[in-house]
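Asks: Take this structure, written in structure tokens, and hold onto it; I'll ask about it next.
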Amino acid sequence: MLIKGGHVVDPKTNTNGIMDILVEDGIITEIGKDIEISNGDIIYAEGKLVLPGLVDAHCHLRDPGFEYKEDIETGTMSAAMGGFTSIACMPNTDPVCDNKAVVKYIINKAKQDGYVNVYPIGAISKGQKGEELSEIGELKFAGAVAISDDGKPVKSSSLMKRALEYSSMFDIAVISHCEDLDLADGGVMNEGYWSTVMGLKGIPSAAEEIMVARDIILSEYTKVPIHIAHVSTELSVELIRNAKKRGVKVTCETCPHYFVLTDEACKDFNTLAKVNPPLRTRRDVEAVIEGLKDGTIDIIATDHAPHHADEKNVEFNLAANGMVGFETALPLAITYLVKPGHLTISQLVEKMCVNPSKLLGINKGTLETGRSADITIVDLNEEFVVDVNKFKSKSKNSPFHGFKLNGSVYYTLVNGNVVVREKVLL
């Protein structure tokens with residue numbers, strides 16, 4: 001197969017220009033100008049961007065246990081439509097992904113039903129109860145790419161310290177959901193003007209920041225890397241920026257909703273904008289964008305969190321936290337980061353391909369010859385209107401319905417197989 005005449009961008013190989021890509025037996029074998037083939041599929045990519053397949057370091061596939069929200073088949077269909085070729089799924093399933101049986105189940109089901117590469121993340125604590133460490137070696141050898149109790153914080157500092165020590169033995173990333181539950185205290189949105197106007201219990205930004213500070217200190221103390229999930233506040237960004245300057249091995253991610261939306265999106269009790277950590281203020285949004293620009297924030301993840309309509313169609317206090325993200329993440333990043341000049345395409349590829357692969361220790365996120373052909377082809381300028389009813393995800397809980405965005409995904413190739421062709425899932 002030949003991908004012809006597209007604008008290829010891959011910071012890992014310092015590629016940024018009009019090139020052809022030759023794919024043979026699912027492997028990238030040549031990148032250069034004017035490559036010819038006598039027979040085989042030719043994809044004409046003139047006027048489009050050709051990027052390494054996107055890698056999502058943080059999503060929820062809800063399988064096993066919550067298949068009424070999403071399963072591995074529908075989740076990976078949605079990922080493919082959004083240009084993602086590799087995704088890492090969080091362990092808050094039922095049963096929790098805290099042992100090799102669940103890891104193997106996810107890997108095998110993804111091989112059977114999956115449209116993209118799926119990598120399980122194991123739980124830090126058994127049952128995500130925060131009491132006893134999972135068998136981290138067992139998780140790693142079964143195929144887990146990281147450990148996290150995402151959805152819940154690790155409340156005990158000594159348990160988190162031990163998790164870091166074990167993670168360094170087994171060379172596996174630790175991803176921390178930073179939330180002080182005592183401070184969050186049952187809040188349902190960001191504490192501020194809008195929570196006051198709506199009469200809802202607020203979550204102070206300090207609930208995130210205190211745990212970010214703790215985890216930075218534990219990482220510094222143990223000399224083991226830590227990765228902070230879904231950073232949403234100005235002070236969190238500042239704490240991580242300062243820690244990096246001191247040489248602490250801390251990395252972090254944010255999600256599109258934290259650089260696009262503020263807590264005003266919750267007005268009129270819009271449960272589609274209810275998420276954890278909550279949407280913050282304009283000042284926080286600007287700080288997150290600044291953190292992306294200066295490299296403090298390494299990764300853009302989706303935190304794709306599908307919920308059944310019935311779980312959102314209730315009073316704000318009772319609604320589930322989270323939003324689907326696969327099919328809007330790249331267009332939101334293009335529209336709100338690349339178009340205004342905050343990031344170049346090359347920097348965006350670092351945050352959505354190169355750095356997530358590095359965190360998870362997987363051989364993805366680049367178009368190097370010899371690598372499997374995971375490739376995403378995007379029209380940077382094409383404008384479209386988000387329609388949640390067209391999402392391939394089982395769940396449609398997105399606050400972005402009706403948004404005008406740039407950046408349509410035209411093709412997604414996974415291991416050399418075309419799974420999305422001309423914006424249609426095959």
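Numbering starts at 1 and runs along the chain as displayed.
Just so you know, glycine gets a Cβ as well, placed from its N, Cα and C.
Okay, so Swiss-Prot annotates it like this:
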- Asp303: active site (ACT_SITE)
- His58, His60, Asp150, Asp303: Zn(2+) 1 binding site (BINDING)
- His60, Leu61, Arg62, Asn92, Asn276, His307: substrate binding site (BINDING)
- Asp150, His177, His230: Zn(2+) 2 binding site (BINDING)
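What's the neighbourhood like for these features in this structure?
Replies: Its Cβ placed at the centre, Asp303 (active site) has 27 other Cβ atoms within 10 Å. Secondary structure at Asp303 (active site), taken from DSSP and collapsed to helix, strand or coil, is coil.
The Cβ of His58 (Zn(2+) 1 binding site) has 29 neighbouring Cβ atoms from other residues within 10 Å, across all protein chains displayed.
According to DSSP, Asn276 (substrate binding site) sits in a coil region rather than a helix or strand.
Residue environment of Asp150 (Zn(2+) 1 binding site) contains 24 other Cβ atoms, counted within 10 Å of its Cβ in all protein chains.
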Asks: For His58 (Zn(2+) 1 binding site) and Asn276 (substrate binding site), what Cα-Cα distance in Å is obtained after rounding to a whole number?
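Replies: Approximately 14 Å lies between the Cα of His58 (Zn(2+) 1 binding site) and that of Asn276 (substrate binding site).
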Asks: If I take the Cα of Asp303 (active site) as reference, which of the binding-site residues His60, Leu61, Arg62, His177, Asn276 has the closest Cα?
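Replies: Considering only the listed binding-site residues, the nearest one is His60.
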Asks: So how many other Cβ atoms are close to His230 (Zn(2+) 2 binding site), meaning within 10 Å of its Cβ?
Replies: 23
Asks: Taking only C-alpha atoms and a 10 A limit, tell me which of His60, Leu61, Asn92, Asp150, His307 are near His177 (Zn(2+) 2 binding site). These are the binding-site residues.
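Replies: Final answer, ordered: Asp150.
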Asks: Setting His58, His60, Asp150, Asp303 aside, what same-chain residues sit with their Cβ within 8 Å of the center of the Cβ atoms that define the Zn(2+) 1 site, listed in sequence order?
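Replies: What remains near the Cβ centre is Cys59, Met90, Gly151, Ala229, His230, Ala301, Thr302, His304, Ala305.
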Asks: Measuring Cα to Cα, tell me the gap between Arg62 (substrate binding site) and His230 (Zn(2+) 2 binding site) in whole angstrom.
Replies: 19
Asks: Give me the sequence-ordered set of same-chain residues, not including Asp150, His177, His230, with a C-beta within 8 angstroms of the centroid of the Zn(2+) 2 site's C-beta atoms.
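Replies: For the Zn(2+) 2 site the neighbour list reads His58, Met90, Ser148, Gly151, Ile175, Ser176, Cys178, Glu179, Ala229, Asp303.
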